Each structure stands twice: as C-alpha cells, then as structure tokens.
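Structure first, commentary second.
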C-alpha cells in the first residue's frame, strides 16, 4: 500500500477516558490492514500530576515513559512503527492482522492509576474479483470462444480473503445489474472473520450480448479502496449467428419505418398520377374548344348538295380528323337552314371567341358529298 493510500485510510480515533480502578469496557477501533491507527488516551489530570503512563498489549509493554524521562523502547514487533503523539497518545503504522487485540492505556496520577481498554480490529480489503465462464455447464475461455445463440451462459465471480468477506455486484457495459438477477454467497472463519465470496450470473445468450462487456465488482468496508473491478470480459457470438441472425433481426427492427416509407411512396405516386391526369384533361378541354368549322350555306345547292365555293370544293376547317363527340355542329336540316345562323358568309364555330384557322383547311372533291351525304331538299321546296 502506498503512503498516499495509508494517509487516506484514516482510522477511527478513540478517546480513552482515564478513570480510577479496572474493569473498563473495551472500545472498538477499526483500522485498515497496512494503514494507521491512532489510539488516544485522554485524561483529566492537571498539568504536572501525571507521573507516568504506558501502553501495553496483553503482557507486552509497547511504550512506557516516566516523568523523569525514563523511556522503555518498544519491542521488536513495534519497533519503528509506534510513536507518541501529544505526549500520551499512541500511533501505530503499518498495521497487520497481528496488531489486532486489546490495548491498555495506564496513567499514574499521584498514588492512583487509571486505565482504558481499546479493542483494535483490522479490516482486510478483499482480493480483486476473478471471472470464470461456463457454457452449458462446461468451463470456457471467453477470450477465445464464440458463443451460440440461446446457449446457457453462467458467469462466476469470486473474491477471496476479505475481512469481512467482500460484497459483489455485476456490471454490463458499465451499467449495474439488478441484484435479483444473480446469486451471492460468502463463507468466513468464525475466529478471524476472514472469508471468501462468490456470485453467479446466469442467462441465455441473445443477440444483444454480442461484444457486451461483463464485469464483477467487489467492495470492502474501507474507503477509499472499498471497490475493485474485475478484468472485463467481452462476449462474442459465433460468425454464423452474426452473419445470419443479425441481419434478420435488423430487418425486423426496421420493419415499421420501411412500411411507412412504402406507404408514403405510394401516396406520392398516386398524387403525381392524379396531377398528370388533371393536366391531360385540361389540355384536352383546351383542344376541344379550338375546334372550328366553316360552312358557307349561301352557295347554290345543286342536286341536294351543300353550297360549294367557285372552285368546286367545300371549305371546312378541323383541328382534328373528326369533331369530338358532343361538340360537332348540328346536322344540316331544314330547320337549321331556316335559322338566322346561316346568313351570308357567317361562320358557325364551337368556340365563338376564336377565329378560324385557315392554315389547316382541308379540301374535299366536289363529288365527295354526293356519295357521302344524303340529298336534302332546298328550303324553297319545303312547306313551312
């Protein structure tokens, strides 16, 4: 133990009250193995009344000093380890288990003596815990063994030589494991209270165990070295489990976001398709409005034909090969000829706001209508 550690491992200070007579109840003092214990022997004597004092352990005189300056040096077990502090208090350094026991402080005042008894107990920090792994009941080395899924893994943690036996706990990736998930047992010598502790953590190997760090921690009663961690061990799954099982679980974990993404994509596609249909319908309406038909009914009708231009051809303008359904001009009837729509050089147009486009005039032979259209009598030949 380093000097700095010894300083931090301070002991509980005992004040020994001087009283006449014997049979005082011992006062317990706890100190750390390798540390320092300070035993105080307080008294109510006035200055100059103390003739002598001594510290003893059983029959062994640890320190004796009289007023005349006579000092009895400590024995070999305490040489270079004991000093007197504040003229009467005993300080012991480098404590060992052999230093445990009853210490008596005796003070001589006049012709009487007073004493106090100190029961010094030494606490021992347990050893650093050690981890052992068992796979399905067989001892394995986790540093070289890859574990299969669903195998039963039992981790055993042991810490020895604690006084009292160590308390043990578990950590997975530096997160404390609930004490209900592992077992704990300890045994100790009834005379010295020195013993060992063991804890076991058992569970089935799962995918989340891959590269997980397991540690065991032992704690003793002495600060600040009350806790010690074992060497951490990493659990590795077999290559088969990592390559085959892990991707499947990853896909399962991402199933909900994937479904949401698919739904959003479908909605976007439907919206885009609807927008395209609306645009096409609007374009179709615009094209339908641009149909223009030019008819000149004032030309003389020969043998029931429609009026013709002087060149023998009927002028007609179409934006399409055939007018769309529901937008063609009314059929050529007597009622239509009698209407005022058929004035001289008038034009009948589906879109009355658009002028006819003569650039796309289609010309038909004069005999086209003789073969294709029925003969209609002249209005003058019809009785009204």
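From the backbone N, Cα and C atoms, a Cβ is placed for every residue, glycine too.
Any TrEMBL annotation is an automated prediction that lacks curation.
TrEMBL assigns the feature region 'Disordered' to one of the listed ranges (247-292, 293-338), namely 293-338. Long-range neighbours of the transmembrane segment (259-281) within the same chain, counting only residues 6 or more positions beyond its ends whose Cβ lies under 8 Å from a Cβ of the stretch, are absent. Helix, strand and coil residue tallies for the domain 'Ig-like' (129-232), in that order: 6 helix, 59 strand, 39 coil [DSSP].
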